[in-house]
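J.: Take this structure, written in structure tokens, and hold onto it; I'll ask about it next.
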Amino acid sequence: MKQLKPNSKYLLYGQALSFMGDYCVLPALLILSTYYHDYWVTSGVIVVRSIPMVFQPFLGVLVDRLDRIKIMLWTDIIRGIIFLGLTFLPKGEYPLIFLALLFITYGSGVFFNPARLAVMSSLESDIKSINTLFAKATTISIIVGAAAGGLFLLGGSVELAVAFNGVTYLVSAFFISRIKLQFVPIQSENIKEAFQSFKEGLKEIKTNSFVLNAMFTMITMALLWGVVYSYFPIVSRFLGDGEIGNFILTFCIGFGGFIGAALVSKWGFNNNRGLTYFTVLSIVSLALFLFTPIFAVSVIAAILFFIAMEYGEVLAKVKVQENAANQIQGRIFSVAEASIGLCISIGSMFINILSAPVIMGLIVVIVCGLFLHTKLVNKSFLERDNKTEQKGVF
């Protein structure tokens, strides 16, 4: 950390605080949505948070032509002001205004990530260090953010958690304003070429069974994420007045993810043991989460669920990186990013149109389908490796 240059430190400080605010405000927004007494509003919170991801793959075209520091700066300022403004909106009133303001904040936020990644690539010798530290800071920020939100709620106001998020964005903007990088515009592909790249990514997914399996894994997990997010307010009711439970469950995201990341090397890649652990954990943890009336059991189920999701995410990314040409990977991940945002939104709406047993049955069918497809792909992977080794011997 001490070896980092000032620009790298400012970026890391700002993002750690901003990410902390994100996971402090997520449960707070879910709590505020329950005051409307309509689960479509709860689903709406998740949809407006996720659906802008569909457009993110095409934003690199704009980011490459504009000053990335200014994009990050103004995005954080806009988000900070709107979140502070949300605290003045009466609870349970004006649902369309509530969702519209959230859509503006998360919609503007999709410009931020491409700009941040581009800035990180300009940090020269600090690139590896900043990426490693950012990954660690992400997990810690989720845990600390959820804990901070819980403390605000115990202090008597869920709006404080929303205000805290607004403040973290403004503090992040302050650090970003101190980053000194010379802006060099890049003449990147136009919109038509961006769509062509997207189509090439789709073509690779269709023709490469390993990449198709990675995509299947990512969209399955996105559906599961949407379902679990939408059930946070319901499950939280089994603890007191139900509000503090949302923050505890958000804490489980970071804690489960931390454990899941540590288990990746032990469970292994492209083998049936890890696949079995992932499948069993996903189904059992989700069933417990949806049906148990005991909050402590729900917490354990949530941790197990997020362990499985972290493992699956790493597995899917590695499968793309190992089995697709380097020049096509960005296009594949662009398709994945858009699909994930769409599937989280779809999963979050199941609660409004399907009963819990039907949702669970649908998830079991999808996850079992993924299990069978992955098993076939793993077999192909082993056969390919064996052929490569035999050629090496001769």
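Each Cβ is built from the backbone N, Cα and C atoms, and glycine gets one as well.
Residues annotated as transmembrane segment in Swiss-Prot: 11-31, 43-63, 69-89, 92-112, 142-162, 166-186, 215-235, 244-264, 288-308, 332-352, 353-373.
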J.: Per the definition of 3+ C-beta pairs under 8 A with sequence separation of 6 or more, do the transmembrane segment (244-264) and the transmembrane segment (142-162) touch?
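T.: As far as Cβ distances go (cut-off 8 Å, pairs 6 or more apart), the transmembrane segment (244-264) and the transmembrane segment (142-162) touch.
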J.: Report, as numbers and ranges, every residue of the chain located at least six residues beyond the transmembrane segment (332-352) whose Cβ falls under 8 Å of a Cβ in that stretch; write 'none' if there are none.
T.: 39-40, 42-43, 46-47, 50-57, 197-198, 201-202, 204-205, 211, 214-215, 218-219, 222-227, 229-231, 234, 316, 320, 324, 359, 362
J.: Between the transmembrane segment (166-186) and the transmembrane segment (215-235), are there three or more C-beta pairs closer than 8 Å, counting only pairs 6 or more apart along the chain?
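T.: In this chain the transmembrane segment (166-186) does not contact the transmembrane segment (215-235) - fewer than 3 Cβ pairs sit under 8 Å.
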J.: Go through the chain and flag residues at least 6 beyond the ends of the transmembrane segment (69-89) whose CB is under 8 A from any CB in it; none is fine as an answer.
T.: 14, 18, 25, 63, 97-98, 101-102, 104-105, 108-109, 111-112, 115-116, 119, 159, 162-163, 165-170, 172-173, 176-177, 179, 181, 183
J.: Should anything in the same chain at least six residues away from the transmembrane segment (142-162) have a Cβ under 8 Å from its Cβ atoms, list it; otherwise answer none.
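T.: Distant contacts of the transmembrane segment (142-162): 19-25, 27-29, 31-32, 83, 86-87, 243-244, 247-248, 250-251, 253-255, 257-258.
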J.: If we skip the immediate neighbours and take only residues 6+ beyond the ends of the transmembrane segment (11-31), which ones have a Cβ under 8 Å from one of its Cβ atoms?
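T.: Non-local partners: 4, 42, 45, 49, 76, 83, 102, 116, 119-120, 123, 130, 133-134, 137-138, 140-142, 144-146, 148-149, 152-153, 158-159, 161-162, 164-169, 171-176, 179, 229, 232-233, 243, 246-247, 249-250, 253-254.
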J.: Apart from its near flanks, which chain residues at least 6 from the ends of the transmembrane segment (215-235) lie with a Cβ under 8 angstroms of it?
T.: 27, 30-31, 33-34, 39, 42-43, 46, 50, 205, 242, 245-246, 249-250, 282, 286, 289-290, 295, 298, 302, 305, 309, 312-313, 315-316, 319, 332, 335-336, 339-351, 359, 363, 366-367, 370, 373-374
